[in-house]
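Trainee: My questions all concern the structure below.
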Amino acid sequence: MARRGCNVVLERVLIFILSLGFTFNFTSAQLRYSLPEELTTGAVVGNIAKDLGMEPSVLISRGFRIVSGSRDSLFQINNNGVLHVSRKIDREEVCERIAACIINIKTVLENPLEVHYVAIEVLDVNDHSPTFPDNETHLEISESALSGARFQLQGARDPDSGVFSVQQYRLSQNDHFRLEIKDRGRDGKIPFLLLHKPLDREAARSHELLLTAVDGGKPA
């Protein structure tokens with residue numbers, strides 16, 4: 001009787017193990033694509049059917065779909081297994097202040113179950129111009145200030161990243177001031193006004209200068 005009970009327990013354990021193995025019997029793969037931001041709606045990202053080595057009809061019959069990570073439906077898959085952009089992507093909106101903008105989505109084939117992860121890198125384009133917080137800045141400098149005195153100016157900001165962000169500043173030609181740039185790493189490049197020649201209030205009560213911020217686009 002005890003042996004019979006043991007056999008029943010063993011059968012149940014075997015059935016459980018087999019069921020568990022069936023539940024987790026799926027394969028997975030990782031696909032990677034890249035695209036520039038600001039592509040028009042409908043632009044092709046990649047041919048998932050081709051890259052998985054499957055016919056589009058197979059994908060349809062097996063219920064291929066995106067299940068998570070599409071970020072408010074940035075991407076869709078059509079009946080040919082082609083992944084495309086469903087709305088224009090602004091990299092600065094999706095990945096603000098992130099060096100590598102990668103969107104991960106999870107897709108599945110339902111029968112039999114397969115999970116495929118797709119990583120899409122959104123490449124930056126020079127779609128923004130540098131801007132200053134204020135159009136005008138007023139500085140009060142004593143005429144007794146010595147040559148070499150430095151005055152920090154407000155830096156410009158550019159939502160673009162990398163080489164497309166602010167790369168340099170230019171100062172209009174004048175006799176009294178020069179420009180000095182300090183690289184503050186993540187805070188960007190900061191301009192300083194350097195007094196090159198002592199001021200004479202009787203000769204000129206004020207000086208008007210033009211500061212220009214330039215990014216690294218082509219054209220800048």
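Backbone N, Cα and C define each Cβ position, glycine as well.
The domain 'Cadherin' annotation in TrEMBL covers 64-132, 133-219.
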Trainee: Please work out the helix, strand and coil residue numbers for the domain 'Cadherin' (133-219) from the DSSP assignment.
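Mentor: Summed over the domain 'Cadherin' (133-219), the classes give 6 helix, 29 strand, 52 coil.
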Trainee: Pull the DSSP breakdown for the domain 'Cadherin' (64-132) and write it out as helix, strand, coil residue counts.
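Mentor: Reading the DSSP string over the domain 'Cadherin' (64-132) gives 4 helix, 32 strand, 33 coil.
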Trainee: So what pLDDT does the domain 'Cadherin' (133-219) average out to?
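Mentor: Average per-residue pLDDT within the domain 'Cadherin' (133-219): 92.
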